[in-house]
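Q: This is the structure I have questions about; it appears just below.
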Amino acid sequence: MACTTVNVGSCVWVEDPEVAWIDGEVIEVKGSDIKVKCTSGKTVAIKVSSAYPKDVEAPASGVDDMTRLAYLHEPGVLQNMKSRFDINEIYTYTGNILIAVNPFRRLPHLYNNHMMQQYKGAGFGELSPHPFAVADAAYRQMKNQGISQSILVSGESGAGKTETTKLLMQYLADMGGRAVSEGRTVEKKVLESNPVLEAFGNAKTVRNNNSSRFGKFVEIQFDQRGRISGAAIRTYLLERSRVCQVSDPERNYHCFYMLCAAPPEDIKKWKLADPRKFHYLNQSQCIELERMDDAKEYRETRKAMDVVGINSEEQEAIFQVVAAILHLGNVEFGKGKEADSSAPKDDTSNYHLKTAAELFMCDEQALEDSLCKRVIVTRGETITKCLDQESAALSRDALAKTVYSRLFDWIVNKINDSIGQDPDSEYLIGVLDIYGFESFKTNSFEQFCINLTNEKLQQHFNQHVFKMEQDEYNKEEIDWSYIEFVDNQEILDLIEKKAGGIISLLNEACMFPRATHETFAEKMYQTFKDHKHFSKPKLSRTDFTICHYAGDVTYQTEQFLEKNKDYVVAEHQTLLNASRCAFVASLFPLLAEDANKKSKFSSISSRFKQQLVTLLETLSTTEPHYIRCVKPNNLLKPLIFENQNVLQQLRCGGVMEAIRISCAGFPTRKKFEEFLERFSVLAPEVLDKSTDGWPLSSTDDVACKKLLEKVALQGYQIGKTKVFLRAGQMADLDARRNEVLGRAASRIQRKFRSYLSRKTFLMLRKVATNMQAVCRGQLSRLIFEGLRRDAAVLEIQRDIRMHLARKSYKELYFAAVSIQLGIRGMASRGRLRFQRQDKAAIMIQSHCRKFLAQLHYQRLKKAAITTQSAWRARLARKELRKLKMAAKETGVLEAAKSKLEKQVEELTWKLQLEKRMRTDMEESKTQENAKLRSALEEMQLQFKETKALHLQEVEAAKKMAETVPVLQEVPVVDTELVEKLTSENEKLKSLVSSLDQKIDETEKKFEERSKINEERLKQAIEAETTIVNLKTAVHELQEKILDVESENKILRQKSLIQASGHLPPTPVKGSQNGHFSSKESPFNGSEIETLARTQEQESDAKTRRYHLDRQRENIGALINCVVNNIGFNQGKPVAAFTIYKCLLHWKSFEAERTSVFDRLVQMIGSAIKDEGDNEHLAYWLSNTSTLLFMIQQSLKPGATPQQKTPVSTSLFGRMAMGFRSAPSSAETSAAAEAAAAAVIRPVVAKDPALLFKQQLTAYVEKIFGMIRDNLKNELQTLLSLCIQAPRTSTGRSLRSFRSSKTMRNNSPLDHWNGIYDGLNAILSTLQENFVPPVLIQNIFIQTFSFINVQLFNSLLLRRECCTFSNGEFVKSGLALLEEWCNETTEEYAGSSWDELKHIRQAVGFMVIHKKYRISYDDIAHDLCPILSVQQLYRICTLYWDDSYNTRSVSQDVIANMRVLMTEDSNNADSSAFLLDEDSSIPFSADDLSSSMKEKDFAEMKPAEELEENPAFSFLI
């Protein structure tokens, strides 16, 4: 996709020997030659065809899917990957291919369970690229389409294949796992097989510290429901030579080093030592690895072995064999006694030989002979041949490799047997972890087989990529022609052709004993000298070069023949088959061909070829998914991206070939809305004119077609949803677009300069006008100041004159008032003196009459009480006589009866005494009150007469005053009359004072008597209560007596009938007139006592059964009533109140054993089975929480039962209540509290009640969680649509949203309105069922927290959501939620709005303008103080402005964030950028207690259905 036409100023990519590709700007164009000034500063001259266009509008953070790149070529792909790698985005799509770049550091936040939950059910490409997305897509396709799937993970060593495979298996195990109750053994074994296989099959190489030295294909089998039903692991080509040969700085397999770091007892048992002392390990200086503890890995491997089904005995045997291999490697050989013979070199070798024989559990001499000798069997005899030192060492290494290879195969088979394969499985998902293409300085047989595998897989990959392209074209219904792509079948024929292929020649050479690698190489040179993919290096006689799809690789043939031979030395087979260790013997079983002494030739290459055929057959029956792992640098360090290295891996991984296939067709594919948004400036007239300039009537495809016809572009295709462009056409459109935008920029500049000039002129004109206005204003202000002073002078003169006149008038006024005041005061004092004298006389008379009335009242009251007491005593004695007559027939209850009678007599006597005293007091009080009333009436009459006389005198005085014109002083002549009146007045005063004293004394006595009366009244009430209780007890005893008597009669009749049946028919001597005498009774005394005891036991049992049956009936009636919705009363659930009252009355809280609690728990559990009915759940949440509150109040710690004072219904009780005064407000509140206390009473609870309280608490929490989860599930579908703004027909995001009520009528906010309506619906449901506000608050707080988590995580996982227009859209939706919180009030919403703090701050950052001017401190402390640096970094790197095309934050801010993230990289928690959902229960029973009040239940009524039931009369 090289440039076809370029202009000066165009940005292009040019090749660079150091960084592969470098960008620059075209500064000169001369025909087909151009000059480009690179960003590095140098200027290069190249051909136009060598340059590639650069997309200057590409996001700085790259794109998730590289098929969305405007220019799909090598530099564009490389730049996109580097941009994403710089912001820690290590995963990128290329269509359906996932490219994974190894970050060489741990990023735990990308792989935790929360991240896994995000990808479950999400569409492929909906969230950021991730292995979880590939695994989820494979799983969904398997379930929906019923087709088995495969995921192929490839890449060179160190690219991260093993870790990626682990993630895939972890996700699939979680998706297809069983419930915890069903057991998850299969999934656990599949996951734990990884560390076991890594321990025995992985090693450190030059490129990777944990390189898999074998290929692995894991088949995970599923049943019809999509659950894992079995699994199998297939392995390919274990690198056996590594056991004996290790290059520096590589390591041998991990298990050897783990074993040397085992616990001391294991080291002692297997005679191990430091790894540096073993020959197979000390060939390399690398013994220990950073961040890897071999001792810890040993323990983890043993635990994993336990999980996968390898028992402890087998584990001991495995590590014993591994230890034997280490000791075997330390056996060195020297010259033997005979010529060309060998023997252990020294004592150390003998020690290790002996130790190896002990660990193999075989004969030491036999082991030595098998290493140093060979037995040749001929027809007539057996010949023993000695081996020289070199041959003996090769024999030793061959034994070590064979034993380790057999051990590894045994472990794989054991894992497969333990996991278990499901022959009836419907589908499977295979995960292939295969070695990538390898090309080293020295390439041997292993690299040859690995590259053959990659050739096979590349052919499969190319076919799949071509199929994807074909499916894409068919899906869009466009016309397309056949796409040519490179088929590597010729290379495969060169290698694996049956007759004449390299493998065929290799097998043929291995069958000849005298064949060498030279003869093998010569044979290949002759056979393939004309093959275009085969060549011979000039400076070598035994090497050969194959032109693979990823490049030329030169192989060295020195070890080809030895490594290809797949045989076991007969002596080794015989020796280890005879081992005393059953495990070792099982590794070397006898084979059928060994018995016949004939064996068909077998080679590693043939077997590997057959395995590849089987693998490809399996893959051909599955739908493939590809993950290409890339290693960014060879230093294995983070934050380093080597362009050349990555580009080579992309070529080797087939990614560039896939891009080339895509480029051969239509490499550029743009959705209609994106295409129009970018190129509508080329032909704006093809769009219908509307309010915003975008088409309304025409469709997008028609608009795109008109635009392309307008620009006269050829070869394009219009699909159903996309525009398909040929290679180079995108660059052509961009060039034309740049021209249009350039002309538009010129016009904008012209308009802007005109605007600046006009603005300057208007400013000057405005300044001149302002100066004139200031001058004119100053003159006007001076004139106005003179006028204001003249007016002020006149105002001051008027005020002074007014003040003098007012002062003169006030002096005259106060003099007149003073004179009148003196005259009126003297007259008033005279009247006051006369009124005081009259009042004193009246008071004396009233007190006298009051005293007489009280005496008369007390006498009457005393007589009435005496009469009542005598009558009640008579009734009590009559009742007592009845009770005595009723109790005479039963002797068992005489003691209780006599005791009760005594108590009744004593209490009756006390009651009579109290009543007499009370009657006397009432009579005297009544008499006194009557006397006082009569005296009061007389005094009132006198007062009226006196008042009339006084009024007459006053009127006469007024008339005299009117007749006398002048007031004159009249001397008093009648002094005697004055003295007489004065003396009488003094006598009256003394009489009044004495009466006052008597009255005070009488009042004190009355108060004392009142107190005594109240105390006695209380005692009388208590006595009456006791009498009522005793009467009730006597009544119950009478009922029991009647029952017992009836049962006795029945039993007597039965016994008499039985006795008559056994007696002889002859008459009995002792009978007289049908009766027996006491001495001659038919039954003796012991029989009568036994019969009586039996009768008592039977009656007790019947009584208990009767009570139990009654109790069951009552409990059943209660449950049948409350199981239905019986509504609410006083805002509280009737069912909870009724249950509590019944439990309290039945004393269930104090019972040691009762079934009522179990039945209530079962009833509640069955009532809430319908988890989706919020109305029903809310009703039971209200009932259970209310019942829990009432029980919580009753079962408070340290609570003691209180006796409830019974309400007296007797005549005396009603009279006593009538004498009490009306209650005040304080008494009213106290009465309410007392009534509430009567409803909820503290009790001493037993274990069943405490257990019921715990179960009830659990049900409250469960129902709360069910309602909360229902609301979350309802909102989750809407939240996925609320995070991204809907687009118009041309793809432009809706930008302007209004707040308040108009938003709910706006169609773009339909999904937000759905959330708004859903919240209102659940709120009304909870309110209608009177759920406590504290629970409603917590439901909405957790729901808003869930909304915050979902929206915020979606924002960070989907780049298309981090836009300016989308921020405005989400902000408008959040305004709706804020409006809901304000309307709901804090009582129900609580702090719900604060739970949206993360998404609010993130959206606030997205919609703020001029982000490039904001510093990091402003962002972290002012704009987004709650967000972490990882979250800020992700938002800043993903953000792009789709409305105004402005920049994000500056590069300095990004650099600061990177530094802070690097400092926190060791902290796993701090590196996570996603939020975790909180599903805990945020309240306790104490919270309910604090939110509800006891007095709310004071006036509640029980269920109406139970009021008609006599057994529940206590509820009324």
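Count begins at 1; order follows the chain as displayed.
The backbone N, Cα and C atoms fix where each Cβ goes, glycine too.
Straight from Swiss-Prot, here's the annotation block:
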BINDING   155-162, 208-216  ATP binding site
COILED    890-1056  coiled coil
DOMAIN    7-56  domain 'Myosin N-terminal SH3-like'
DOMAIN    741-770  domain 'IQ 1'
DOMAIN    812-841  domain 'IQ 4'
DOMAIN    1158-1463  domain 'Dilute'
REGION    1061-1085  region 'Disordered'
Q: So what's the mean pLDDT when you look at the domain 'Myosin N-terminal SH3-like' (7-56)?
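A: Here the mean pLDDT over the domain 'Myosin N-terminal SH3-like' (7-56) amounts to 89.
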Q: Based on DSSP, name the secondary structure state of Gly215 (ATP binding site): helix, strand or coil.
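A: DSSP assigns Gly215 (ATP binding site) to strand.
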Q: What is the number of other Cβ atoms found within 10 Å of the Cβ of Lys161 (ATP binding site)?
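A: Looking across every protein chain shown, the total is 27.
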Q: Look at the binding-site residues Gly155, Gly158, Gly215 and tell me which residue has the greatest number of other C-beta atoms within 10 angstroms of its C-beta.
A: Gly155
Q: Which residues does Ser212 (ATP binding site) neighbour through Cβ under 8 Å, counting only same-chain ones at least six apart?
A: Lys161, Thr162, Glu198, Gly201, Asn202, Asp433, Tyr435
Q: Summarise the domain 'Myosin N-terminal SH3-like' (7-56) by DSSP state, stating how many residues are helix, strand and coil.
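A: Residue counts in helix, strand and coil order: 3 helix, 30 strand, 17 coil.
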Q: According to DSSP, folded down to helix, strand and coil, what is Lys161 (ATP binding site)?
A: helix
Q: Would you count the other C-beta atoms found within 10 angstroms of the C-beta of Asn209 (ATP binding site) for me?
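A: There are 19 of them.
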Q: Determine how many residues of the domain 'IQ 1' (741-770) DSSP places in helix, in strand and in coil.
A: 30 helix, 0 strand, 0 coil
Q: Within the domain 'IQ 4' (812-841), count helix residues (DSSP H, G, I), strand residues (E, B) and coil residues, in that order.
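A: Tallied per class, the domain 'IQ 4' (812-841) gives 30 helix, 0 strand, 0 coil.
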